[in-house]
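Q: Can you keep this structure in mind? I'll have questions shortly.
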Amino acid sequence: MLDVRDLSAWIGGSHILQGVTFGVEGTGVTALLGRNGVGKTSTLRAILGELPATGSVTVDGEPVLGRPTHRLVRAGLGYVPEDRCVFAGLSVAENLRLACRVPDPDYDTVYSLFPELRTRARQRAGTLSGGQQQMVAIGRLLLNPNRLLLIDEPTKGLAPKVVAEVTAVLAQVAQRVPILLVEQNLAVVRRLAGTAVVLAAGRVAWQGEAADLLGDADRTRSLLGVGSTGLGRGAASDAPSQSSRRGDH
Amino acid sequence: MGTVVLLALTGLGLGALYFLIASGLSLVFGLADVLNFAHGLFLSVGAYATWWAGGRLSGPWGFPVAVLFGVACGAAVGGLVELVLIRPLYRRPTEQVLVTVGLSLAGVALLQAGWGADPRRYPSPQWTQKVTRVLGADVPNDRLLLIGVAVVVLAGLLAFLRFTRYGLVIRAGVENRAMVSALGIDVRRAFTLVFAIGGALAGLAGALGGVYFGSVSPGQGASLLIFAFIVVVIGGMGSVTGSAYAAVAVGLLQQFVNYYGTAGAGDICVVALLAVVLLVRPAGIAGRAAT
Ligand SMILES: Nc1ncnc2c1ncn2[C@@H]1O[C@H](COP(=O)(O)OP(=O)(O)OP(=O)(O)O)[C@@H](O)[C@H]1O
Ligand SMILES: [Mg+2]
């Protein structure tokens, strides 16, 4: 449904994206991976028109590159940026109200997933914990119907228990809307993603089934710079044995 | 006692004038990041439009209608300036400053060409020339008028920011404009609105400033703008309540120091206050928040 072709972008004179090409299926979660600073966030921002870029990006065949951000979002591309960007000076209720762009926003879904957003409606969003802010950021998305969600590191800086909660919510959401997910926590990727796209040196270095990537410790290490220990914390226990078997060849 | 009351209310009247100019300037800067040197022109447009209409209307409603006309002209010029001159130049701050400075110079020249460089007598209604006895002091009514209008405007602006959809967009946009767009909102429409509001308030300041000073002249806007900028910086960019506190502080300080010290010392004290605030709280009294 999302088709990115030869996407190229410069930031301050350096060529960050040098022809990124990949696609996102109409269902499930596609993980966008890569080492720190490789350009994952920049890719999302380029798709959304926040970063000037060349190449071609289409959503269901419609070209989107060069259209203003607010139009794309109205057309159904929901975005949660890396640092969440809730409005600190606005209350939780105001943050949600601001995000409503349809006459009948789906508060029921939002409040059933995150009951706390109802009880904390009047609290200033700046005083929420990181996890609660992430609930606001995801809640903002779910108020409106979307065709595709672009979510940048939703579990960054969250406690393990909150990571599990956010992951569970995203798994539910992904049953209805496809998600392009940037995520460093490979256990979360393993749980959610069907497909993975790995960026390196401004290009797509690998893409395929997420399980094929994460099941192969050498590949994971060389592409993402983390070893099989990086898979720990709740990752499936067959990962080390599988990788050692492959290492024997 | 009488002197102190008179000085305080005169200072508050001046502060009210500063607030009317500064609140719009502050919202424009906070939301759109535009340092609008043409804001003084909006004030002059309001003042001259009111003067022009006031000379043609009579009866008890003549002057209020003239003020409304001045406010409308200020709003129209503010909105137009954003649409025509500022909009093509977003993300180009140097060009913006040049355009707004150029516009304000051209505006002063145009006003001079049209109505001469000399001050024109202002068609203030009779009752604004009289005094009211407040706590033993004979206070000119024009000061009370300014204070009353500023309080109403403050309450109205805060209600607008708090309870309307556009107010919500403006408050959010002052905090993080890019994120407002990322929620599917065309934040530039709010820019035009904020320019128009700023223009309307500056026009109102011009209309009532004419009453306060007794005359209108082409350079009035520019000289008031300097203090309005100081008020904006002290109050915090984008903050309406910050502007209100700062305007009161600047107006009172100026009046009292000018009266008890030598004339002109008040202006120096205002600059000193600015320096102190910048040292202690670089983001201004309110920080960056449109409240
Ligand atoms: N505003 C900017 N000015 C200068 N350089 C920038 C800017 N934004 C991003 N970069 C650079 O562009 C590169 C890509 O950044 P980007 O944020 O897309 O990486 P990322 O893959 O999302 O990294 P992370 O995993 O740390 O979030 C980095 O090297 C970064 O330093
Ligand atoms: Mg990033």
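Keep in mind that glycine also has a Cβ here, set from the backbone N, Cα and C atoms.
Annotations per TrEMBL:
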type	residues	note
TRANSMEM	B:6-27	transmembrane segment
TRANSMEM	B:34-53	transmembrane segment
TRANSMEM	B:65-85	transmembrane segment
TRANSMEM	B:97-115	transmembrane segment
TRANSMEM	B:144-161	transmembrane segment
TRANSMEM	B:191-213	transmembrane segment
TRANSMEM	B:225-253	transmembrane segment
TRANSMEM	B:259-280	transmembrane segment
Q: Is it the case that the transmembrane segment (B:6-27) and the transmembrane segment (B:191-213) touch, counting contact as three or more CB pairs under 8 Å in which the residues of each pair are 6 or more positions apart?
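A: In this chain the transmembrane segment (B:6-27) contacts the transmembrane segment (B:191-213) - 3 or more Cβ pairs sit under 8 Å.
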Q: Between the transmembrane segment (B:225-253) and the transmembrane segment (B:144-161), do 3 or more CB pairs sit under 8 angstroms, pairs being 6 or more residues apart?
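A: Contact between the transmembrane segment (B:225-253) and the transmembrane segment (B:144-161): present, because at least 3 Cβ pairs are under 8 Å.
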Q: The transmembrane segment (B:191-213): which same-chain residues, six or more beyond its ends, come within Cβ distance under 8 Å?
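A: For the transmembrane segment (B:191-213), the far contacts come to 13-14, 17, 20-21, 23-25, 27-28, 31-32, 36, 39-40, 42-51, 66-67, 70-79, 81-83, 86-87, 122, 124, 128, 142-143, 145-146, 149, 153, 157, 166, 170, 220-221, 224.
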Q: Test of understanding: applying the rule of at least three C-beta pairs under 8 Å (pairs 6 or more apart in sequence), is the transmembrane segment (B:97-115) touching the transmembrane segment (B:34-53)?
A: yes
Q: Going along the chain, which residues at least six beyond the ends of the transmembrane segment (B:97-115) come within the CB cut-off of under 8 Å?
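A: For the transmembrane segment (B:97-115), the list is 34-41, 44-45, 48, 81, 85-86, 89, 218-219, 221-222, 225.
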Q: Who are the long-range neighbours of the transmembrane segment (B:225-253) in its own chain, taking Cβ under 8 Å and residues 6 or more past its ends?
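A: 8, 11-19, 21-23, 25-27, 29-31, 37, 39-40, 43, 104, 150, 154, 157-158, 161, 174, 266, 269-271, 273-274, 277-278, 283-291.
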